[in-house]
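Chemist: Sharing a structure with you now.
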């Protein structure tokens, strides 16, 4: 049993090292898919379709406008996830309340609590530091991440408190974009297998075929992830928390769908669909900072 555990820990370490080694390769892969799609949609098919005249020109114009708008939002959201720190524990962070004892005395260095349930003060033995509520240690980034959801290889970053909204928007715009591309290239994809002569404007049908297959695959897979994360937002939980609390019937941070949504997207409707927050939201919703989270008072009392 001991040898088996040692092998498992070694394999996990190798896996985390491999994820770190991917680095910018995944970003280049994403940009490569975007490049192939752009060439197939704009250069090969709908760009030349603008000169066709009649209804074909109108369809091409509408597709190109929607395609570029969604592409801008997709890339904006994507690089916001990539370059935004998901949230780290501030140096020498301390809580003003010892929730384990129920008094107002601040913790001293000799009173570090052991790991416990959500909402209580916890201690990370790897970082050798206290952990705020809903904070988890990432073995890939080798640090504690505020409200960690998961480590995503596609964005080469952890998804946590400060970039979770951006990740959701990335999924949302990716689904819309890939669905649009799939539908717009469907007639050209069908024509690839027909006996009809390929138009001269469509000089690279193989690119159209590849772009259609890639975007169809991404649309279907991203749809599944999007549905899953919508359910997580509705319950005000994360992927890690949903897995760890699967046997618990109650969740102390479930404040109702409206407030749960605001804990991620803020209250300012003008910012809901862009990867940014208003200063007013940061002021009104402390949860967006990743250190403090409102919870149900009755469940707090039960835990204490």
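Placement of Cβ uses the backbone N, Cα and C atoms for every residue, glycine included.
Just so you know, TrEMBL annotations are computer predictions that nobody has curated.
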Chemist: From the ranges 166-190, 241-265, 266-290, pick the one that TrEMBL records as transmembrane segment.
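Modeler: Checked against TrEMBL: transmembrane segment maps to 166-190.
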Chemist: State, in range form, which of 21-41, 61-84, 210-235 has the highest count of Cβ pairs under 8 Å to the transmembrane segment (166-190).
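Modeler: That would be 210-235.
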